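Notes for the one structure printed next.
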Amino acid sequence: MDAVTVMKQEVGKVAAALVQSNSVVGLGTGSTTAYAIQYIGERLAAGELENIVGIPTSFQAEVLAKQYKIPLSSLDAVDHIDVAIDGADEVDPQKNLIKGGGAAHTREKVVDALANKFVVVVDSGKLVDRLGSTFLLPVEVIPMAITPVMRQLEALGGKPELRMGVKKAGPVVTDEGNLVVDLKFAGIDDPATLEQKINNIPGVLENGLFVGVADVILVGEIIDGQPRVREIQ
């Protein structure tokens with residue numbers, strides 16, 4: 001097993017250890033979060049946890065949770081979320097995030113913002129000085145508005161591109177039935193303002209900027225060939 005995979009597993013274990021019995025847990029999307037879901041399921045099976053309920057942020061998270069026999073519910077049936085565990089594509093020094101590489105950022109933002117504690121799990125390669133430095137900013141758009149929205153996104157200084165499917169002809173379609181526009185910036189100096197400007201465009205459902213939402217960042221690192229987990233509060 002390669003070092004990066006081991007590192008992601010270690011981060012997943014640390015995140016899963018934060019879950020307590022009798023709690024509602026937001027289950028995020030992505031390769032590192034998948035290990036957290038696995039270890040939550042293993043803690044349940046071993047009797048270390050009991051009476052927890054998961055709120056999945058995507059179809060992928062739902063399938064994984066069912067695989068590991070984590071009981072699931074929906075936001076209609078719960079009045080709070082104790083902790084949410086989710087990944088990120090970029091993290092800046094202020095703990096602001098870009099998410100949405102898996103095209104699930106709208107549902108993720110709803111669940112993560114509702115959580116009393118939002119724990120982000122990443123590898124050290126996701127840490128950046130400025131958001132938008134390496135990763136495109138995803139924007140979920142209703143299909144009929146795609147052309148005017150792309151024009152307005154370009155007017156904000158970004159280079160928009162409709163995300164196309166892999167191993168599928170045509171564009172990526174989100175779990176909500178919408179399209180994703182990936183927006184390239186040279187760097188984002190004011191993520192809070194940009195988040196609001198994009199969301200104010202008619203036809204935009206949500207974008208992948210998560211500003212002031214994360215409580216704890218768990219960073220997986222390889223030091224002297226060994227995986228380590230560092231916590232950023």
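Yeah, the Cβs are placed from backbone N, Cα and C, and that goes for glycine too.
Counting only same-chain residues at least 6 apart in sequence, those with a Cβ under 8 Å from the Cβ of E108 (active site, proton acceptor) are G28, T29, T57, S58, D86, K99, G100. If you look up Swiss-Prot, you'll see E108 marked as active site, proton acceptor.
Under the three-state DSSP scheme, A88 (substrate binding site) falls in the coil class. A simple way to gauge crowding: the CB of A88 (substrate binding site) has 27 other CB atoms within 10 angstroms, across all the protein chains here. Among the features that Swiss-Prot reports, substrate binding site is placed at T29, G30, S31, T32, D86, G87, A88, D89, K99, G100, G101, G102, K126.
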Determine the most Cβ-crowded residue among the binding-site residues K99, K126, using a 10 Å radius around each Cβ and all protein chains in the structure. K99
Name the residues of the same chain, 6+ apart in sequence, whose Cβ is under 8 Å from the Cβ of G101 (substrate binding site)? G30, D89, F135, P138
Show, in sequence order, which residues other than T29, G30, S31, T32, D86, G87, A88, D89, K99, G100, G101, G102, K126 on the same chain lie with their Cβ within 8 Å of the centre of the Cβ atoms of the substrate site. G28, T33, V122
Three states by DSSP: which one describes G101 (substrate binding site)? coil
Which residues in the same chain, at least 6 apart in sequence, have a Cβ under 8 Å from the Cβ of S31 (substrate binding site)? K8, G87
Which state, by DSSP, holds K126 (substrate binding site): helix, strand or coil? helix
